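Among the features that TrEMBL reports, transmembrane segment is placed at 5-20, 26-45, 66-87. According to TrEMBL, the feature substrate binding site maps to Arg25, Glu39. According to TrEMBL, the feature active site, proton acceptor maps to Glu39. Annotated ATP binding site per TrEMBL: Glu46, Lys64, Asp65, in sequence order. Residues or ranges marked as divalent metal cation binding site by TrEMBL: Glu46.
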Amino acid sequence: MKIHLATTVVVIFLTFYFAIDGWERAWIILSTFLVLSAEMFNTAIEAVVDRGGQAYHPLAELAKDAAAGAVLLLAIQAIIAGITVFGPRVLALW
Ligand SMILES: Nc1ncnc2c1ncn2[C@@H]1O[C@H](COP(=O)(O)OP(=O)(O)OP(=O)(O)O)[C@@H](O)[C@H]1O
């Protein structure tokens with residue numbers, strides 16, 4: 001979660017540094033906050049599962065793996081958004 005929050009601060013800074021606006025900024029901010037939200041849901045699901053006990057259970061495994069998978073999918077989407085929006089601008093600096 002700390003890594004996600006630090007990344008969010010950096011990404012928002014970059015949207016100002018590169019003067020990104022309109023739909024591109026909306027897409028970047030949406031992607032960032034979706035990852036944060038998914039991480040919070042993941043944490044909530046982990047807490048509920050652990051509250052039920054630490055013993056191995058296939059449903060506990062399914063719940064944790066699905067929640068972690070959701071975070072991974074949205075993180076991949078956010079990386080694609082970042083590369084699409086920031087990539088050409090970073091390359092233009094060289
Ligand atoms: N009670 C359980 N029963 C079955 N499998 C479990 C159980 N607890 C954890 N696991 C398996 O271990 C994996 C890691 O679980 P853990 O609770 O350590 O999550 P984590 O992803 O390491 O958490 P964090 O987000 O804090 O890094 C889960 O994705 C799941 O596959």
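Each residue, glycine too, has its Cβ placed from N, Cα and C.
Residues 11, 14, 18, 20, 24, 27-28, 31-32, 34-35, 38-39, 41-42, 45-46 of the same chain lie 6 or more positions beyond the ends of the transmembrane segment (66-87) yet place their CB under 8 Å from a CB of it.
Those residues of the chain, other than Glu46, Lys64, Asp65, with a C-beta within 8 angstroms of the mean position of the ATP site C-beta atoms are Asn42, Ile45, Val49, Ala60, Glu61, Ala63, Ala66, Ala67, Ala68.
With a CB cut-off of under 6 A applied against ligand 1, the binding-site residues Arg25, Glu39, Asp65 are reduced to Asp65. Tertiary proximity for the transmembrane segment (26-45) is limited to same-chain residues at least six positions away from its ends with a CB under 8 Å from its CB atoms, namely 1, 4-5, 7-8, 11-12, 15, 20, 63-64, 67-68, 70-71, 74-75, 77-78, 81-82, 85. The Cβ neighbour count for Arg25 (substrate binding site), using a 10 Å radius and every protein chain shown, is 16. Distance noted between the C-alpha atoms of Arg25 (substrate binding site) and Glu46 (ATP binding site) is 32 Å. Spacing of Asp65 (ATP binding site) relative to Glu39 (substrate binding site) is 13 Å (Cα to Cα, whole number). Among the record's ATP binders, Glu46, Lys64, Asp65, no two C-alpha atoms are more than 10 Å apart, and one pair sits at exactly that spread. Other Cβ atoms within 10 Å of the Cβ of Glu39 (substrate binding site) number 20 in total over all chains. Most Cβ neighbours within 10 Å, among the binding-site residues Glu46, Asp65: Glu46 holds that distinction in the structure as shown.
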